[in-house]
Each structure stands twice: as structure tokens, then as C-alpha cells.
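Here is the structure we will look at, set down as C-alpha cells.
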Amino acid sequence: MIKFALALTLCLAGASLSLAQHNPQWWGNRNTIVHLFEWKWADIAEECEDFLAPRGFAGVQVSPVNENIISPGRPWWERYQPISYKLTTRSGNEEEFADMVRRCNDVGIRIYVDVLLNHMSGDFDGVAVGTAGTEAEPSKKSFPGVPYSAQDFHPSCEITDWNDRYQVQNCELVGLKDLNQHSDYVRSKLIEFLDHLIELGVAGFRVDAAKHMASEDLEYIYDNLSNLNIEHGFPHNARAFIFQEVIDHGHETVSREEYNGLGAVTEFRFSEEIGRAFRGNNALKWLQSWGTGWGFLDSDQALTFVDNHDNQRDQGSVLNYKSPKQYKMATAFHLAYPYGISRVMSSFAFDDHDTPPPQDAQENIISPEFGEDGGCLNGWICEHRWRQIYAMVGFKNAVRDTELSEWWDNGDNQIAFCRGNKGFLAINNNLYDLSQELNTCLPAGEYCDVISGSLIDGACTGKSVRVNERGYGYIHIGADEFDGVLALHVDAKV
């Protein structure tokens, strides 16, 4: 009986930890993460204070913080090839990182670190040098900066059969040296690395290549992490938010369901299907059942996105900044529909898969510059600074915890819906105008369309809609309009 009680206690404790790892630890009603891909720590600190906090963003996903290999031309993916766990990269050093985390936390912006637990750097001829000056010999699996040696890795093999679980979780992903997470020593080094980041005040982690690690090994690592640092405003006994990269298109040998009990999972099907819909390959009317009705994970388990730093570079259905009208429509739907833990992308311009972030002649990452409209210049795209996107972050905050209601569609690619009595969204992806009297569910009054303009000193710089006593308003979105979206909410009442 005592053994049973102990087993039950341990089981409940484990379940409690796993549930806690689904909590992003947001402030107030904020509920959108932005991925500031390849930004420098000092620039992120300023962005938290000057832009993200005033506009209601909840958190920032940052690029990997650990020392990485220096690759010719400095492609973005060198950040995903660790040399050591020293916190020195082209984004800055440990002091700059710690300063950024503190400053962002002080204004209610949480920091989530992209972490590499699966592997170290891939093959390199001779001695490789990292961004902190540490030497390593990847071909010999020698990483003195940790230190790791050959005994800490799985035997070398290629993934040639993606239906073979052993290969997927033990062989080398694109030649990257595959760590043995079942080893007590490797586990201890990974926990030490993550705990150091927790001590510095981060709120959680995006776990790269999670499907290439056994879920039971990850569970051990997560369960043995420290609680979040209360000196950064986290409650006592709060756990790190975990979201895991698991690419699962369905019928995979390693499935997302093996990981969703440990934390959230990146819902790649969301990205693919929303791209198909707004590219015109699936009628928007079908989005009424969006979410689990499409075979997606439960809402609180799904990290959702239109595109990410990987798939935005691939050919296919996924939308990116190069299709701005469709991208903004898809993002508006993403942030308005009550499904998932939302993340928006902030990119730099790229011409090919390997394009590095904007850099100077000495290969130092350069800071973004801003135009008069607040948008980014000098090679940075900064989708999060597009009015149509940051306005929808405000919309999502305004309608938090409300239900979707009053769905309307024209049987094709014009849709509209309410979020309780706090928000209304309409989208026109047809080649003809949307002109319709629709129920906005809002209290009577005049509302600023936050897509076409902003509410400044009580006046709307874009379109506005007058809502009558029954909650109805005349909605017009021309086929040739710049954005194809109209959004109203209670915090944008004129």
C-alpha cells in the first residue's frame, strides 16, 4: 500500500510539472510571442522597452545563445551548430544577454531561448573555432569547451530511413554530432546549461530537433530543471515554458503525441494549412472548424505560427513576407481565431536558403534601422513592426478569453466572425469586393479599423465602421485594397 501511495504521489508530481511546462508565464492579458531572429541582445532590450511592451507583446523567442561554430559566409544556420555552452555569439556576450533578459522582464516581456540539446557541431576539417574562441575537433567528437568526447555521443550513422525510429533518434541529423541524452553525464551538462539560463531570468525554451531525442530522456531533463527565478517577477515554484520542435505531417514514426504531455509542440500542420488557404488552394469558408477540427493538437498544446525561420525558406505552401497581402491576412486570422499559443515571425531579407543576417564587412551583425513609419530598413524585414501585424497583437489582447461567434462566409473566400462582444474580424480573399451588413457583436458606436489605420488622439487614420444598436455595421473590403482585412475591437472605439 505504501509503495502504491508513493508511486501515485510521484505520478501526480510528474503530471503537475508537465502541466506547468505548458504555461508561458505571460504578464496580464498579453498573449503573443515574436521571434526576433538573429537580433543582437542589446537591440532586443531596446525593442522590448521602446516597441514590444507599449504594443502589448508577451514575449520574445531569441536565437541560440551558446557558442557556435564559425562557418564561411556566416549563414544563419551556424547558430545551430554548438561548440560549447559559453554564452557568446554574434548576438552578444553573457553580460549583454543578462542585461537584455532583465530589461525585457522589467517591462513584462518574457524571453524564450532556442536551445540545442540534440547535437553539437557537424564535421569540420581539422580544428574548428567557435564564436567565443573555443577550439573543437567535431570530426573526432571532441568539444573541450563543455567538455564532451566521443563517449558522450551516439555512434555515427546517417538518417537514410525516416520510418526507422532508431535512425531518427540516434543517427546524425544532417551530419550534426548526435549527443547521447540517456547518459547521466550528458544530461547533467544539458541541465547545467538550461539552469544557468533560468538563473539569468529566462521564461522558457524552444527545444530544437526534439523529435530526434527520446521523449523519456527529455522528460528527465525537464523534470530536473530549477524553478524560474523569482527575482525576475516569476511566482514561486513556476516552471519553464517548454515548446518543442516536432515536425509531424501525420503518420510519422516519431509523433508529436509523444511530446505534447511534456510541453507545447510546434504545430507545423497549422503553418502548412493556413498557407494553402490564403494562397487560394483551400476556401476560407472551411476555416470555421480551424484547430482540432483539422487534426491539430489541443489549443493549449500547440505553438502556432504562419511561418518560422526554417520553413519560410522552403518552397511550398508556407507563406512568408514575400507575399505580403496574403501573409497579413493569414496573420490576422491566426491572431484573431481562438486557437493555439501564437508566435509571429520577425525576419531578415533572404535570397537563398543560406543568406546570413545583415552584417558589416567584418561579419558583425548590424542593428536594425527604422523608417519614419517605424518599419525596418537595412536588410531587416521586421514583420512585427508592420501595423497590420502589431495591431492584431493588440486585437488578440483585447479579446482574450472570449469565444468565437457569429461566423459568416459567402460560401467561398470571404469570412467574418466575432470574438465575444469585444472584437470583429472580416477577410476578403476573393477577386471581388466584400460589401455586407454584418453582425460585429460590438456595443453601438464608431470603431477604427486597426488594419488600415490607427486610433490617435481619438481620431482614426484609416477606415472606420459605425455599429448600430443591434451590433450591425456595414463592412466593405475592396478586392483591390492593400490588405484584404478589417479588424475592430473595443480598445479602438473612436
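Backbone N, Cα and C define each Cβ position, glycine as well.
The record in Swiss-Prot pairs C448 in a disulfide bond with C460, which is drawn from C418, C460. Swiss-Prot names N118, Q169, D178 for binding Ca(2+). Of H196, H212, the residue it gives for the same site is H212. Record note: Swiss-Prot gives R206, N308 as chloride-binding, and the candidate from R239, R276, R279, R343 in that site is R343. Listed in sequence order, the residues of the same chain lying 6 or more apart from D310 (site 'Transition state stabilizer') and placing their CB within less than 8 Å of its CB: none are present.
Residues N118, Q169, D178, H212 make up the record's Ca(2+) site, and a Cβ search at 8 Å around their centroid adds H119, H154, V168, N170, C171, L173, L179, Q181, A209, M213 from the same chain.
A straight line from the CA of N118 (Ca(2+) binding site) to the CA of N308 (chloride binding site) spans 19 Å.
Summary of the chloride site environment: with the site residues R206, N308, R343 set aside, the chain residues having Cβ atoms within 8 Å of the Cβ mean position are I33, H35, Q61, D114, F243, E245, T266, L303, F305, H309, M345. If you draw a 10 Å sphere around the CB of D178 (Ca(2+) binding site), it holds 24 other CB atoms from the protein chains shown.
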